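Pulled from Swiss-Prot, these are the features on record:
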- His83, His182: heme b b562 binding site (BINDING)
- His97, His196: heme b b566 binding site (BINDING)
- His201: ubiquinone binding site (BINDING)
- 33-53: transmembrane segment (TRANSMEM)
- 77-98: transmembrane segment (TRANSMEM)
- 113-133: transmembrane segment (TRANSMEM)
- 178-198: transmembrane segment (TRANSMEM)
- 226-246: transmembrane segment (TRANSMEM)
- 288-308: transmembrane segment (TRANSMEM)
- 320-340: transmembrane segment (TRANSMEM)
- 347-367: transmembrane segment (TRANSMEM)
Amino acid sequence: MKILRKNHPLLKIVNHSFIDLPTPSNISSWWNFGSLLGMCLMIQILTGLFLAMHYTSDTTTAFSSVAHICRDVNYGWLIRYLHANGASMFFICLFIHVGRGIYYGSYTLSETWNIGIILFLTTMATAFVGYVLPWGQMSFWGATVITNLLSAIPYIGNTLVEWIWGGFSVDKATLTRFFAFHFILPFIITAFALVHLLFLHETGSNNPSGLNSDSDKIPFHPYYTTKDLLGIFLLLLVLMILALFFPDILGDPDNFTPANPLNTPAHIKPEWYFLFAYAILRSIPNKLGGVLALVLSILILAAFPLLNTSKQHGLIFRPITQVIYWIFIXNLLVLTWIGGQPVEYPXTMIGQIASITYFAIIIILIPVSNTIENNIIKL
C-alpha cells in the first residue's frame with residue numbers, strides 16, 4: 001500500500017498533499033480552519049444538490065417550493081437548515097482563517113494570499129445569489145438594492161443593471177440566472193481552493209513563531225489529520241446545534257413573507273456576514289463613492305503584502321501592532337452591528353467613524369507601527 005500511494009499517478013498527488021506533506025510541528029488550532037472550510041464547502045455542495053432537486057427557480061413557485069421542501073420532502077427541513085446555517089459557519093471559518101493569516105503574517109505567501117482573496121470574493125458572490133433564491137421579501141429587496149448599486153458605474157451602469165436583471169426589474173429572468181450562478185459557483189470555488197492548496201504546498205505552511213521551520217517538520221498524517229478531525233467534529237456539533245435548536249436565529253423574519261415588489265420592508269439589510277461591508281457602503285453619502293468603498297473593503301486585503309515593512313514575521317513578538325490588530329477586529333464587529341441598524345443618528349455617525357478607522361488601520365496605523373517596531377529592534 002505504501003509503495004502504491006507513493007508511485008500511483010493519482011494517489012501520489014493525494015500522498016504529497018495530505019499524507020507525507022512536511023508540516024511545521026508547532027502549528028496551532030488556528031491552522032485548522034482551512035480544512036474546516038473544505039468541510040463546509042463539501043456540506044454546502046451536498047445539501048445544495050439535494051435542495052436543487054426539489055427547488056423551482058420561477059417567481060410564482062420559488063417560495064412555495066422552499067415551503068414544500070421543509071414540509072413534504074423527507075428530512076427536507078434538515079437539509080434546508082443545514083444549508084442555510086452551513087453558509088454562516090462557512091463565513092465564520094472564513095473570517096477566522098483570514099484573521100489568522102493577518103495575525104501570523106501568512107500574507108507574505110503572496111500567491112496563496114491573492115488566490116484566497118479571489119476565493120473570498122467568489123464565496124461572497126455565491127452567498128449573495130443564494131440568498132435571493134427563497135424569494136422572500138428580504139431576498140427580493142436585497143437583490144434589488146445590491147444589484148442596483150452597479151448603476152453608479154458611469155456611462156454603462158444602467159445598461160449593466162438591466163443586463164443582470166434580464167429586464168427592467170428583478171423578476172423571473174433574474175431568479176433563473178441567479179439559480180444557475182448559485183449552482184455553478186461552488187464548483188469554481190472548489191477549483192480555486194485546489195489552486196490555493198497548490199500554491200501553499202509550493203512554499204510550505206507558515207507557523208505561529210514566524211521563524212523558518214525547515215529543520216522541524218513532521219508528516220501531515222497522522223498528526224494533523226487527527227487534529228483536523230477533532231475540528232471537523234466540533235464544527236459539525238455547532239452546525240447541528242444551530243440547525244436543530246436555533247434554525248432561524250441568523251435569518252431575517254421578512255423572508256417568511258413571499259416577495260412583493262409593491263411593499264418595501266422597513267429596513268433592507270443583507271445576511272449578517274455582509275453587514276460590515278454594507279455599513280461601509282452606507283457610511284458614504286455618494287452612491288459611486290459607497291460602491292467603491294464596498295469593493296475596496298475586500299480588495300484592501302491585497303494591500304497587506306505591499307504595505308508590510310516589518311523585519312519580523314507575524315505579530316507574535318510585536319505588541320504595538322497586536323494592539324492595533326485587536327482594535328481592527330473590534331472595529332469590524334462594530335461595523336457588523338451598525339450594518340444591521342436603521343439609517344438614523346447615532347448609527348450613521350458611528351458607521352462613518354468605524355469605516356474611516358477600518359481603512360486607516362490598514363493603510364496608516366499598521367505600516368507606522370511596523371516602522372516604530374523596526375526602530376525599537378535597532379536600539
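We number each residue from 1, going along the chain as drawn.
Every residue gets a Cβ built from N, Cα and C, even glycine.
Source: prediction; values computed, not measured.
Looking only at the binding-site residues His83, His182, His201, the one with its C-alpha closest to His97 (heme b b566 binding site) is His201. Sparsest Cβ environment among the binding-site residues His83, His97, His182, His196, His201 (other Cβ atoms counted within 10 Å): His201. In this structure the alpha carbons, written CA, of His201 (ubiquinone binding site) and His182 (heme b b562 binding site) are 29 Å apart. Packing against the transmembrane segment (288-308) from elsewhere in the chain are residues 98, 102, 105, 107-108, 110, 113-114, 117, 120-121, 124, 149-150, 152-154, 276-278, 280-282, 355, 358-359, 362-363, 366-367, 370: each is 6 or more residues past its ends and has a CB under 8 Å from a CB in it. Contact count against the transmembrane segment (178-198) (Cβ pairs under 8 Å) is highest for 33-53, out of 33-53, 77-98, 226-246.
Separation of the C-alpha atoms of His196 (heme b b566 binding site) and His182 (heme b b562 binding site): 21 Å, rounded to the nearest whole number.
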